[in-house]
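Chemist: My questions all concern the structure below.
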Amino acid sequence: MDSFEDKLQQLREAFKEGRTRSAEFRAAQLQGLSHFLRDNKQQLQEALAQDLHKSAFEAEVSEIAISQAEVDLALRNLRSWMKDEKVSKNLATQLDSAFIRKEPFGLVLIIVPWNYPINLTLVPLVGAIAAGNCVVLKPSEISKATEKILAEVLPRYLDQSCFTVVLGGRQETGQLLEHKFDYIFFTGNAYVGKIVMAAAAKHLTPITLELGGKNPCYVDDNCDPQIVANRVAWFRYFNAGQTCVAPDYILCSQEMQERLVPALQNAITRFYGDNPQTSPNLGRIINQKHFKRLQGLLGCGRVAIGGQSDEGERYIAPTVLVDVQETEPVMQEEIFGPILPLVTVRSLDEAIEFMNRREKPLALYAFSKRSQVIKQVLARTSSGGFCGNDGFMHMTLSSLPFGGVGTSGMGRYHGKFSFDTFSNQRACLLRSPGMEKINDLRYPPYSSRNLRVLLVAMEERCCSCTLL
């Protein structure tokens, strides 16, 4: 028996009845999300600490505040985003109304991962609600404490005839994907992304895939190694390295590596103390499966910093590896943990060639005091996002779209990009029922004179002149 069919049908009926269409309804649901975040802040922080040993600071910065900012932005701009967008016309349509209408797709499925379970639930949900859709949320069963709050508490703040949270693991997700949705938004790894995309293809359902990959970080010789180390260590070991946009490896010269390793040690000690295992600021690996996988990667290359682990606590020390070969496992898969390999190159050209013979990453980073070096890396590579001389700070700007390219994903969201992702851009032209004489130019019998006049009339004009 299909346990989802009845609820999905209820959501479809709610959408058909137009319940989610009005600006007032959308704003009320967004206000509900805002109240959910404010009323349950401590509970959310405790759940994130339980799941990931995430500090209150990291929970606020990367989960709660970002989600709240997205809600606030959508509330401020909702009516302007919803407005029909007027477009330029040609001579033949100067007296007509041409516009793009942003209409909701209908029933949307959002599948959420475990590493940022609040952020990666609420940020796409804001876009789906603002665009006027009904939504099915599927949180990760791996982040159990957060899943419980999303399932039991979040629905109280939303209209449950238009939104629902479903629970379960791989089997339940597979059953859910057998149903036809009007849009699917998935965040996770590429392997599961292919499964989701194949399921969507059966119904020709449009889809956004937010995946991952091995994000490179190039460090030029002219950099201050301590400044680079501070910034790299922060965004590599943030959330215990379980971040899809974290740098997966550093490319630098042998000389820079010799300067960078002690600087990284200084940064790690400054951030997490002499014994990082006792630091309240360092997260833990999500479960035993991922812990075992990461523990296996510690045997690659040579451990220059860290390397300690404790299975009972799912703790892996902030680690730096050197003398790493490109063929080793740590360079063949996304690490998704607090391990940072350093790979030496002889030149910028070699570094760029190294990056370009791999799949396009979700993010790419470059450090240099010379702007032309940053611009070269930007011009000669491709990635979902790029940041020069820092880590994932580009993620803090809702004015920038977030997403991957190639195997790191497809589609964009954040800010208005989320609204656009969950909206059908409907092309509309409203013509006059009269003035039929003008249309004689296009009707048979055809003539060369009529063709010339019609081609001129069909040229796009930016002016507002209404003379024919």
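Cβ coordinates come from backbone N, Cα and C, glycine included.
The active site feature in Swiss-Prot is assigned to Glu210, Cys244. Annotation comment: Swiss-Prot describes Gly188, Asn189, Ala190, Tyr191, Val192, Gly193 as NAD(+) binding site. According to Swiss-Prot, the S-palmitoyl cysteine annotation covers Cys462, Cys463, on the basis of experimental evidence. Swiss-Prot lists Cys465 with the feature S-geranylgeranyl cysteine. The N-acetylmethionine annotation in Swiss-Prot covers Met1. According to Swiss-Prot, the cysteine methyl ester annotation covers Cys465, on the basis of a curator's inference.
Structural setting of the listed features?
Modeler: Counting only residues at least six positions away in the same chain, the Cβ atoms of Leu120, Phe185, Phe186, Thr187, Gly188, Cys244, Phe402, Gly403, Gly404, Gly409, Gly411, Tyr413 sit under 8 Å from the Cβ of Glu210 (active site).
A sphere of 10 angstroms centred on the C-beta of Cys244 (active site) encloses 28 other C-beta atoms.
Around Asn189 (NAD(+) binding site), the same-chain residues six or more apart in sequence whose CB sits under 8 Å from its CB are Leu211, Gly212, Glu334, listed in sequence order.
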Chemist: Return the residues near Ala190 (NAD(+) binding site) by Cβ distance under 8 Å, restricted to its own chain and a separation of at least 6 in sequence.
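Modeler: Those within reach of Ala190 (NAD(+) binding site), by Cβ under 8 Å and sequence separation of 6 or more, are Leu211, Gly212, Gly213, Thr407, Ser408.
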Chemist: Using all protein chains in view, find how many other C-beta atoms are within 10 Å of the C-beta of Gly188 (NAD(+) binding site).
Modeler: 22
Chemist: Give the sequence-ordered list of residues that share a chain with Gly193 (NAD(+) binding site), lie 6 or more positions from it, and have CB atoms under 8 Å from its CB.
Modeler: Phe186, Leu209, Leu211, Gly409
Chemist: Which has the fewest other CB atoms in a 10 Å radius around its CB: Tyr191, Val192, the listed binding-site residues?
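Modeler: Candidates: the binding-site residues Tyr191, Val192. Fewest Cβ atoms within 10 Å: Tyr191.
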